[in-house]
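Asks: Would you mind keeping the following structure in view while I ask a few things?
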Amino acid sequence: MEKVYVAGAIPEVGLKLLQEHFEVEMYEGKGLVDKDTLIKGVKDATALISLLSTNVDKDVIDAGKDLKIIANYGAGFNNIDIEYAREKSIDVTNTPKASTNATADLTIGLVLAVARRIVEGDQLSRTTGFDGWAPLFFRGREVSGKTIGIIGLGEIGSAVARRARAFDMDVLYTGPNRKEEKEREIGAKYVDLDTLLKNADFITINAAYNPKMHHLIDTEQFKMMKSTAYLINASRGPIVHEQALVQALKNNEIEGAALDVYEFEPDITDDLKSLNNVVLTPHIGNATFEARDMMSKIVANAAISAVQGEKPQFVVN
């Protein structure tokens with residue numbers, strides 16, 4: 001029986017599928033799998049199930065001389081050297097559609113949390129308490145009637161747009177390509193990035209990461225935004241220059257931010273932790289039972305297809 005190496009614990013539903021077709025070796029240590037352990041694990045493996053936090057570089061790929069597939073448990077895949085994997089004739093797959101609803105839900109949740117100061121209010125209620133209702137106390141912003149600007153109208157961005165429309169928000173979007181059919185379906189308007197930044201009350205990043213997207217939102221972009229704007233990032237941390245974000249918040253160039261991902265993840269810039277107008281969550285975009293189970297099944301089926309000589313779903317290289 002061929003071996004699959006699983007770089008961390010995954011939901012039981014996918015693990016059971018793998019056990020029906022493979023000898024399964026899974027990393028069960030504390031924290032993330034280290035490079036030496038990963039290299040040892042893939043040496044005699046036909047398939048690797050990597051996590052979004054698993055760094056699959058050239059050394060790891062070279063060690064996996066029998067690898068046919070690297071099935072990444074996550075929608076992103078910038079943790080894998082996909083070009084080198086292609087050179088070695090190794091398929092790399094991801095789990096794109098499983099994350100759509102969960103990440104869109106979280107994105108809108110972050111919009112509401114930062115605009116209505118929900119987390120800040122929770123902390124106040126648990127610590128010092130409050131004196132009671134008052135007309136000027138703890139005011140935030142409504143989302144109804146506001147404009148949301150979505151960077152990246154893919155599956156997740158489109159799901160965010162549909163939810164935003166349910167809140168009676170106007171929807172702007174930007175990206176490398178205009179999507180006229182989705183515009184008609186959702187009621188969204190395509191604009192360039194600068195126009196979006198200047199006009200949106202809430203800016204959500206829902207685009208995939210690539211090197212061209214690095215620091216897409218930097219000092220210059222923050223200066224374009226409304227002073228009452230909010231930035232929400234549930235995509236990839238390096239799209240936003242975190243130090244520039246800190247300065248924009250401290251200088252009141254924007255009103256607030258909500259982040260589920262970080263430039264130096266898992267580390268979080270200390271200044272962000274000290275600001276009351278920032279909501280921080282620990283990369284939980286697709287952390288629902290439903291999404292994680294679906295992702296588990298997708299990576300398992302991809303690995304099974306590859307060793308059976310079939311083309312797996314969601315190949316990215």
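A Cβ is built for glycine as well, from the same backbone N, Cα and C atoms used for every other residue.
Heads up, here are the entries from Swiss-Prot:
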type	residues	note
ACT_SITE	Arg236	active site
ACT_SITE	Glu265	active site
ACT_SITE	His283	active site, proton donor
BINDING	Glu155, Ile156, Ala234, Ser235, Arg236, Asp260, His283, Ile284, Gly285, Asn286	NAD(+) binding site
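Give me the structural setting of these features: burial, nearby parts and distances.
Replies: Over all protein chains present, the Cβ of Arg236 (active site) has 22 other Cβ atoms lying within 10 Å.
For Glu265 (active site), the same-chain residues lying six or more positions away in sequence with a CB closer than 8 A to its CB are Gly237, His283. DSSP assigns Glu265 (active site) to coil in the three-state reduction, placing it in neither a helix nor a strand.
In the three-state DSSP classification, His283 (active site, proton donor) falls within coil.
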Asks: Do you know offhand how many angstrom separate Arg236 (active site) and Gly285 (NAD(+) binding site) by C-alpha?
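Replies: So the Cα of Gly285 (NAD(+) binding site) lies 11 Å away from that of Arg236 (active site).
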Asks: What residues, ordered by sequence, lie under 8 A Cβ-to-Cβ from Ala234 (NAD(+) binding site) and sit at least six positions away in the same chain?
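Replies: In sequence order, the residues whose Cβ lies under 8 Å from that of Ala234 (NAD(+) binding site) (at least 6 apart) are Thr103, Leu106, Thr107, Leu110, Ile156, Thr204, Ile205, Asn206, Asp260, Val261, Gly285.
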Asks: Same chain only, sequence gap of 6 or more: which residues have a CB within under 8 Å of the CB of Glu155 (NAD(+) binding site)?
Replies: Pro96, Lys97, Thr100
